[in-house]
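Participant: What follows is a single structure, and I will ask about it in a moment.
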């Protein structure tokens, strides 16, 4: 138990939360539940409303409509310092005039925790992020990665039920970032009760870390599901392209349903509930597109080749549509202008009904 | 090496004119003041003027008045300036930017203007007393503090507070708002945030503003003169009355030298402290 603001057992619930600045709606009727102990990533481009949603949980923005719950408690009207939340931001925001240990102790003192217990809890939090040896340093004496560890320790020291991470790895370079991802995953395993809301524009972070991903765009929740669901069975075009950069091909469903027509090619894919004659979007991941003849073959001209180490990314022009394919590194690298045939398996394709994505109409 | 020799010769040549001008217009008169302070009217060079001045009650009382007025004004300016700067910087209200800009303009006002304005309000024939006599029918209003040291204190705090606010506002604009947000999410209320996050980071700015105001208050002449306070004699006032009214130049120069010594001493102290504070 922490003193002061009581530690709430995890879980966050957005109930129709809208936020507007002036007349500008930056978050539009968000309904979302983060289960206790769950890592929920809010993934989207800048201006998608994901950071606003996090700030509504922290209490830095007041929703124009809707309620925010932490655990069972309605916190919509509570000031930030009464919410008992741990928060980590992109630029660390350590207090520069305080030593590492005093930074970590800040929340405990603010919450009037038992004085005798503070040094122990500070040491414990620093140990958790592997910064035990740096307790007496000042923030300016630490590297970016170390500062972010301290910021995480500072947030965890108050033993919050909810941890808010706002682009926590964006200020770090690529190598550090992947190390910190592993670290965050380990932390979550050690603190299974803490609900984590993780705001990021980086799909790798979201796919690696999150139990579920909420995809945001244009102030709205576009899609929500486990990483596998979103990756394999995206429900909207936005999700399909933002997560994993899928091929999106405009098609017309044949009558009776069972195949679709793509630029004059008949492709056998599961049409599901999409009615015959309707226009739709066919979504296929680049790495599931193979080179050579096979089912659902498409022939086109190579318009660009990118070597990516273990794979080649081919851009193939098929009757005026650009199709991306990631193929294993080739011995005879295709060159621009080559005619090639691509294919994909029926069960690797997802058909998205026209207009999918505007979930609120 | 010829090139090096030439630049080595050219450097001082360029520096010479400004140094010479500085010496003639600034250092030489200063030297005259110091020299005069060691030259009693009876002739010769001696410490007699110093002994006389230090022994006089008027000097001692002026020194005390000067120091406590300056110290009091500085404390007042720091407290008022910190609170006002906090409000302007962190409490969003319409016109906050305009107020911040007005602070800049205020710095360019002459100090006696404030005193004049205060005279209009609190003077013996000012608005406050006018309202009082109008309402009660009394012959005289209750506000006579303007000619007391308190009037000087009020005027100095009013005039010098923006000198504290200017560096504070600059410091606050550098402050990472994420720090304030993280602090509040950790459970810190507004008072704790001001005390433990904002104040430590504003300390160099407070030190800079405070020492500036302290030195300016020590040397303030216009405000003290304009309040018309008969009983309030500060060191600059004493210099004025000795030199102009009594034509006692050695004594005036002694007081001036003391005033300069205090200012320079405080300034050096400030530099030493701020260097240690890492500012």
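In case you wondered, yes, glycine gets a Cβ from its N, Cα and C as well.
Small disclaimer: the values here were computed from a predicted structure and weren't measured.
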Participant: Tell me which of B:40-66, B:67-93 corresponds to the transmembrane segment entry in TrEMBL.
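Facilitator: In TrEMBL, the transmembrane segment feature sits at B:67-93.
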Participant: If you count Cβ pairs under 8 Å, which stretch among B:12-31, B:105-123, B:143-165, B:202-229 touches the transmembrane segment (B:67-93) the most?
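Facilitator: Between the stretches B:12-31, B:105-123, B:143-165, B:202-229, B:143-165 has the largest tally.
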Participant: Given a Cβ distance threshold of under 8 angstroms, which distant residues of the chain, six or more beyond its ends, lie next to the transmembrane segment (B:202-229)?
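Facilitator: Tertiary neighbours of the transmembrane segment (B:202-229) are 66-67, 69-71, 73-74, 77-78, 81-82, 110-112, 114-116, 118-119, 146-149, 151-152, 155-156, 159-160, 163-168, 170-172, 175, 235-237, 240, 259, 262-263, 266-267, 269-270, 273-274, 277-279.
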Participant: What residues elsewhere in the chain lie close to the transmembrane segment (B:105-123), defined as a C-beta under 8 angstroms and at least 6 residues from its ends?
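Facilitator: Hits for the transmembrane segment (B:105-123): 129, 143, 145-146, 151, 154-155, 158-159, 162-163, 166, 220, 222-223, 225-227.
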